[in-house]
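Right, one structure below, let's go through it.
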Amino acid sequence: MAPPVLKDLRTIPLYLSGLSLVLLLFHAIIPETRFRIYYGRLVDTTYDAKFREKPEYREPLITRLLQLMRLPCCIALAVLGYHSMKTGGEEEGNSNLASLIFLSYSALLSLASVAGTKKWRSITSAHLSFTHFVAFCIYITRDVVPLAVEGTPADIKEGAVAWVRLALLGVTGVIIPGLIPRKYYPIDPLEPSEPADSQTASYLSWLFYDFLDPIVYTAFKNTNLQFSDLPVLADDDKAKYLARTGFPTIDPVTLGRKRSIIISLLIHYKKQYALMLLAALVQSVNEFAAPIATNRILASLEPGGENTNIKPWVWILWLGTGPIIGSMCNQIYIYLQNLNVVRVQAILTQLILVHSMRVRLSTVWDKPEESKETSPVRSESETTSTIASETTTPNTDTVSLPESSDDTTIQGSESTTLLPSSSAQSAISVDSVSVSKKDGADKADKEKAEEKKTEDYIGKINNFLTTDSHMLLLAQNWMQPAVLVLRIFFCMGLLYTILGWSALVGMGVMIICLPLPGYIGKMMMKYQRVKMKKSDGRLSAVTQMMNVLRMIKLFAWENKVEKQLAEKREEELKYILWGEMLDLLNGAMNSIFPAATMISTYATYVFVLFAGHLQRLFYLIPGVLRAKVSLERIGEFINNGELYSDLKASVTPPPESYTTDSTKLFIRDATFSWEKPGLTHSSAHSKRRNFRLQIDGELEFHTGSINLICGPTASGKTSLLMALLGEMYFQPSLPTGTFNLPREGGVAYAAQETWVLNETIRENILFGSPYDKERFDKVIYQTGLERDLKLFDAGDMTEVGEKGITLSGGQKARITLARAVYSKAQVVLLDDVLSALDVHTSQWVATKCLGGDLLKGRTVLLVTHNVLLCEPIADYVISLGQDGRIVSKGTVSEALKKNAKLRDKVKADEKAKVQAEIDGALEEEEVAGEATEAADVKKKDSGKLIVAEEMAVGHLSWEAAKLYATSLGGPLFWIVFFVGLTLGGLVAVFQKWFLGYWSSQYESRPTSEVPVGLYLGIYSAFFGAEMFFDFGVALIFTLGALGASRMIHQRLIKSILSSTLRWLDTVPISRVIARCSQDCQVVDGVLPNMLSGIFFITTHLIINFIGVIISAGWPALIPGVIVAVSGITFGQIYIKAQLPIKRHMSNSRSPVLSHVGAALHGLVSIRAYGAQAAFESESLRRIDDYSRTTRTSYNLNRWIAVRMDTLGAVFSATVAAYLVYGRDLNSGSVGFTLSLISAFSSMLLIWVRVLNEVEVEGNSIERIRDFLVIDHEPESTESGKPPAYWPASGELHVQELSAKYSADGPEVLKNITFSLKSGQRMGIVGRTGAGKSTVALALLRAIPTTGSIIYDGRDVSEVNLDVLRSHITIIPQHPELLAGTLRENLDPFGEHDDATLNDALRASGLYHTQVEGAEGGVGLDTDVTSGGTNFSQGQRQILALARAILRRSKIVILDEATAAIDHDTDHAIQESLRTEFKDTTVITVAHRLQTIMHSDKIMVLDAGEAVELDDPRSLLQRDRSFFKSLVDESSDKDALYAAAGL
């Protein structure tokens, strides 16, 4: 009787064919109905989409060819099916008929996949592939599996036909489907992007990463791999898509509530983690292939051993294929893991930037429990940037206010907390906030306060983007410990089946030992947190150092700064050492616990696998814990901070007489402060300036007109603009209090502290606006930039460099002004844009620009000291007093009547017209070191200043390797290290040999005669010796690596500090930060760990290889050599591709950091312009570039890994086959040899991979070394130290002085000669580019010079630079301040007492800027934010003067040092300076002739040459004198002549 059809597996394909036919009928109907959108989630319905018509989205030719090849195979299968039905017996009739129907239907599907329309080709191909794959598996079960168990194939009667059918099904169901490229499905069919190779790669190509072959081949042929050669980024990896889909889950603001970032990431990537878990589970089961196969092979070799029906060749085959399958699963797991890493890095980088631009950064790290009644209250910055302020905010529930319009009319608190309380539905007064209080302050709180004192938030955020972001790779291993625990239980189960109850004893020992690693892990987390804080502090210090490096060099502070950084580095290294020691202890536990378990179970089979899992578990846990710390740090950042808001609330309706029009710009009954409203300042320890801007009544600005804001220095002029922009805390002084800044027509803002992007001049002015040539040219003309652009061959396409390094201060000010004027914003806020300009340029800008047509009809708020100049164009004047209150307001004439001080100021302005009008086109003076000539002639053609980051080509250079090797230690270090490694390797091999010898004793003697105790003791001794050598070697290398980290960082900092100014001009700060953060992090941990690993593996590899040859015989040498040569070849091919990609990866990180840094420095301007979206968009583009390199780099690691694992599996199977069928060995010898083979093959492949990784990570050493071989200033020598009394006087003789900005640049000073006696004063005047500030740089030897400079009888070329610069003080126009206190800024190294510091402050005129006894006064303990942004520009200049007074140098250079100071204060300062510097030689670079008319000499420069040099009286008496013409053209000629004694 024929068997029922259902009992024959060959009928299954027939049922699948019927199901396929039904599904195809659905496909014919559903896409034409309204259910298409739902159907499209399961089946491709984009076959008729327009984008499919483009060449890059069409079906590739290879797909058509493979489908065409499959058609004859399917026809042949149908013919074979017909033949089987005709020749088969009656009992096979039904099954053969079912096969014939299935194969005939398959032929039709194949025909449709070739000749069908777009609608049918893809779906019929998929159906065909699936059904043939199932059929192939069925015939494998019928005909191949029986051969492995000494059975008979089910289709043996068919003979060759059966094997041909099986082969054809393998081709049509496995090979061709595996080779057909996958179809690309864009995430957005309306805007598809170019598909990535990984998205269209076939399944086999994806499993073996063959889609990377083109880039590997390109790199192999061309060592200089370009960024454009890299595979494109997949659309679902692009930052824009990731942000759009990830922010709703990960961003607390979008989510609407606080949540752990770890939980958010787990939720968002739950699908990927589920796939990773599935791959890990499959791998966990599959990894027992090797031990089980080895066990079965040994069992078959034992005399009288266990008989088995499975033939040894099956186990040998499994020994080869099992690891390959396991490798594929492992690579899929790691592929998904790295995919998540790249995506998480992209999302978090963008989120950090977005969060930085939407919150008050000073409130992010404030903890409610840290706010105490007695603790110092910290406020945000007072001027144009709040990015570095340090605010300790109390625990407040600042509520969200209901939004009623788009304008910024606010009542109550202007900002909302990130996570408002549940009562946030109603508006309440700010005064009602609750402030949590604690009594007293313990030591820990004081330490925290001390830590926060000099916090630099930019440094912290940089650390997030470098160190913490890099730690995310470890965070993705969070699943591995759980999977490893599962694998350990699998191992114990297998051990139990082999050994019985003794395996349970081993597990008990393991469980008892577990608490100790848990405690070690807890300690590692603790030290990692502290270490990261220390890294924050060091990186913040490096960031601040780079921001003020010019000042450091010109003040000769390099050695002191280097010492401070070394101290911070030592603190960091101390905790790195603790972490490494705990790592070593953890590693020791890794060895002890498996050994203890093994000894307690006497296991010899799968224990190596068990021990490996246990060791890997203890290895991974510390990394996961470190990554957890980094994620928590980032999570703390994004979960905290007060949001800026555009909310409007109205509690009390204002009187009818008050303005209510939302289009008006006004303030009414308001108090603005930089501190949270509601805080008291009675604490004696309060160090923050409690400045308050008080607006009583209503202040309405004139719409469509120019409104002047004037007042003395530090009266709150800038604060008024900041208040309107929402940068200050708002508190209504009356219930009717409110303010409004209409934003519908746009807002433009020009900061006093100019902010420019590292882009071209044109891009800085356009600032994202469309280019209108006519409007652009008019802006250039009106802002007086025409002549400046002519100085650059590239014109407006000239790059300005980082922080506008190629531009002078006035040029940057006018570009900032041009940006505001070019914009079409209806409200324009200008913060003292005239202060950096000379009189003539100021008059030009005031007349042509401020009074021009481009600003006509726009509401302009202009902060200025120059009331007289702006009087003709101003319609409204607001005058502020030093107490932050309005003194007068109204038209100019009304204001003059009401305000006596303002009248005096106008009179002072009239006198100030004696300022030099140097030339008809005279522009602003140059800032020291920031001259126009900084753009070399060679670079003017392209406009490029910032040079592209150099990238090494080829392998890691010998110089870089030598740098690290010599830093690790000397010859003795290496001898001890390698001797220890060799002894440890020998002991490990003897340990394995002894296990084989032990097991062989049971074959030659009775079990009772085997001395188990003795053998166990010997084995334990071997283990103890191995552990001793391994731990000792690791300890030696760890200490050497720590010393290398210290030395390399020290050399890097020293190199940067001693670099030339020219080098600083061409290298962005972000590159330096990258070297000091991510590259130093590699040197601190990744590189030494990998390097010690490669030394360990190399030693054991050589010893194991020798052991395999001795044990297995010389024939084993052949496959061993083949595998070794193949592995090294693949490794060389891999490294040729990976090295340039890794370098691109490192280089593409710097632009991301640079962009974030630029945004953080210009937060106020960005928010004012509403340009957040543009900056976010640019950030997305830069993140994509980095992700593109990172994805390629990680995928290349998978490319080499799967090939290496395949080679190892083939080698193991080959040698195992030889041992079983080619030699007559006992099971003990075979077991020992197989263990060595397994170790050798895995070690060989790991060796190649790790060696390549070492070379890749060595790129960090190469990048650091590049910064060690830069151009440096001359080092100090013993002969360059002058006598202690030098200089005794300020006598100066300059002879034939010429100077260049770079060695190959043009001369900018030409044969300058002058002499000054001690105590004399000399003024320097000249046009822009004449070389005025260059004289100062030349005197300080900051640029290459020729000629002689004799300072107090000594040629300065023979004096060490640090000595020279410490005895010449320069006061730049834009001074730099450091984060800390005022005392630390005046005296960074604690060299003076408080009385001296206070005297210097008094002499500098600081106390002229504040009302005596008023709240918010400035003192030595006043906090200074990074860059001094909580002080006005004038106050910063005053502090720079105080610093100069303290230095008591014999020569002082004033570089327009009082430009931003009001006239009264300036007059007081000049009088004070005449007293303080009465015995000092003073050189003044100035436009104001009034400033230099009392000088002993005047030098007029033109094109770098001194055209005139004499005393003012003589120059005025000389006919055709250039200086005389300047005075004669002045409106106050008589006063100038009188000042000269004529």
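Each residue, glycine too, has its Cβ placed from N, Cα and C.
Because TrEMBL annotations are produced automatically, they should be read as predictions rather than curated entries.
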Of the residue ranges 68-85, 860-877, the one that TrEMBL records as transmembrane segment: 68-85
Correct range for coiled coil (source TrEMBL, candidates 892-919, 1284-1311, 1340-1367): 892-919
Matching range for TrEMBL feature annotation, transmembrane segment, among 202-221, 602-621: 602-621
The annotated transmembrane segment range in TrEMBL, which must be one of 161-180, 1441-1460: 161-180
Contact between the transmembrane segment (12-30) and the transmembrane segment (97-116) (3 or more Cβ pairs under 8 Å, separation 6+): yes
Contact yes or no, the transmembrane segment (313-336) and the transmembrane segment (1116-1135), 3+ Cβ pairs under 8 Å, gap 6+: no
Of 68-85, 1091-1110, 1116-1135, whichever stretch has the most CB pairs under 8 A to the transmembrane segment (1200-1221): 1116-1135
Contact set, same chain, for the transmembrane segment (972-994): CB under 8 Å, 6 or more residues outside the stretch: 1015, 1018-1019, 1022-1023, 1025-1026, 1029-1030, 1032-1033, 1036-1037, 1040, 1095-1096, 1099-1100, 1102-1104, 1107, 1232, 1235-1236, 1239
Other parts of the chain folded back onto the transmembrane segment (68-85), taken as Cβ under 8 Å at six or more residues beyond its ends: 92-93, 96-97, 99-100, 102-104, 106-107, 109-111, 113-114, 128, 158, 161, 164-165, 168-169, 171-172, 176
